[in-house]
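Features reported for this protein in TrEMBL:
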type	residues	note
ACT_SITE	Lys205	active site, proton donor
BINDING	Leu9, Gly10, Leu11, Gly12, Thr13, Val14, Gly15, Thr16	NADP(+) binding site
BINDING	Lys105	NADPH binding site
BINDING	Glu190	L-homoserine binding site
DOMAIN	350-425	domain 'ACT'
Amino acid sequence: MKPIKVGLLGLGTVGTGVIRIVEGNQEDLSSQVGSPIVIEKVAVKNLVKARNITVDADKLTEDPWEVIRNPEIDVIVEVMGGVESTKEYILEALERGKHIVTANKDLMALYGAEILAKAEEKRCDVYYEASVAGGIPIIRTLIESFSSDRITRIMGIVNGTTNFILTKMSQEGASYDEVLTEAQALGYAESDPTSDVEGLDAARKMAILGTLGFHTNVELRDVSVSGISSVTKEDIAYAKRLGYEMKLLGIAERQDDQISISVEPTMVSQQHPLASVNGVFNAVFVHGEAVGETMFYGAGAGELPTATSVVADLVSVIRNLKLGVSGLKSISPYKEKHLIQDEHISYKNFILLHVDDKAGVLAQITQIFAEYDVSLASVVQQPNEQNPDAEIIIVTHNASKASMDKVLKHFDTLSVIRKVKSVYRVEG
Ligand code: HSE
């Protein structure tokens, strides 16, 4: 049987895992696809770097173009990361009729539409299961298993770094800074953690999931994003007291043919299955009109979990090659995009206020909620010996985002409110 030759771009954590799985599971893999799978060439940053995997020296190159231009290679597996130059490699590989497997969420969130269009033109496959939630097979599930349904909502804990930080803060009562330092020491957080903690990584993943779930081209700028760097241990303590866990939640919703996508720290009811997704684990909760609620849970990163998704994509690509059905149009967005206006996005809110502790203050505050038609579910004044101000905790019923913005703007003008300490979305 003629082997299928694969070019690997990148030999970091995921690339190493890909070689381990392709070599370790070769017998099963070749039985499943009907050909041996050979890693023909590997592009690395540095030829002489020490590695914890042995690869024949003649397979390694520092020049990705050598892999892309190799006429023997049928499939390019891109696990090198990066965006601009990586896009050029991928587009050129497609131009040459090579199929692509990538784990690159930044690339797919930013240039997915262009890459998929080129793939369609060239009748090539592009698979990117590992780009969202590492080892969880969510992309294939959205494309294939949900093809018969209309998805109304996707809620995801799709960033392990922030979930690790929030879980530790919740379980140990530790501060954000303490846990971030620990996460960095353990290698869960990068030395510059901005992309993870400010929600950008999750936003890119939600753009990919929203595009697949709603069949429209969700771009990064369509996602409203806020991160976890200002979440305090006090916020988390309040959340727990009220029966919630704090999670960085991506929420993509559809109302008729309009959609909204956001990533923000959210208080999730402890009764909701997402509340018990802890540590570096990821989960994606999908609601379909017909199927109802489903949830997918697993490792969101790591060498072997992520490589499993990459190699499963490789298997799909090779099966398509053998069947002669590569590059069939099946996943490109086909609906026009309409974003829901803020007046029509509604959810419950948690608000923590520091206010003057004197008569009539609560009345003034509740009057403002009434003025903008925001109904309150609970109002509690919390004694705090360390705080001379009164702490007021308010949970609203569902209220439109637009009305809540007006309430908060009005609060700025009210002298009895010393500080709007925290505002969070509440789910479940
Ligand atoms: N940095 C990501 C996370 C993993 O913390 O989940 C890669 O997408």
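Glycine residues also receive a Cβ, built from the backbone N, Cα and C atoms like all the rest.
No curator has checked TrEMBL annotations; they are predicted automatically.
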Integer Å distance between the CA atoms belonging to Thr16 (NADP(+) binding site) and the residue listed as 'active site, proton donor': 23
Other CB atoms, at most 10 A from the CB of Thr16 (NADP(+) binding site): 20
CB contacts for Lys205 (active site, proton donor) [other CB atoms within 10 A, all chains]: 27
Per-state residue totals over the domain 'ACT' (350-425) - DSSP helix, strand, coil: 22 helix, 31 strand, 23 coil
Sequence-distant neighbours of Thr13 (NADP(+) binding site) in its chain (C-beta under 8 A, six or more apart): Gly302, Glu303, Thr306
Most Cβ neighbours inside 10 Å, all chains, among the binding-site residues Gly10, Gly12, Gly15: Gly15
Segment confidence, the domain 'ACT' (350-425), expressed as mean pLDDT: 94
Least surrounded among the binding-site residues, given as Leu9, Leu11, Val14, when other CB atoms within 10 Å are counted: Leu11
Extra residues within 8 Å (Cβ to Cβ centroid of Leu9, Gly10, Leu11, Gly12, Thr13, Val14, Gly15, Thr16), NADP(+): Leu8, Gly17, Val18, Val79, Met80
Nearest-integer angstrom distance between the alpha carbons (Cα) of Thr16 (NADP(+) binding site) and Lys105 (NADPH binding site): 19
Nearest-integer angstrom distance between the alpha carbons (Cα) of Leu11 (NADP(+) binding site) and Lys105 (NADPH binding site): 17
Most crowded position, judged by CB atoms within 10 A, among Lys105, Glu190 as binding-site residues: Lys105
Gly10 (NADP(+) binding site) to the residue listed as 'L-homoserine binding site' - Cα separation in whole Å: 19
DSSP state at the residue listed as 'NADPH binding site', helix/strand/coil: helix
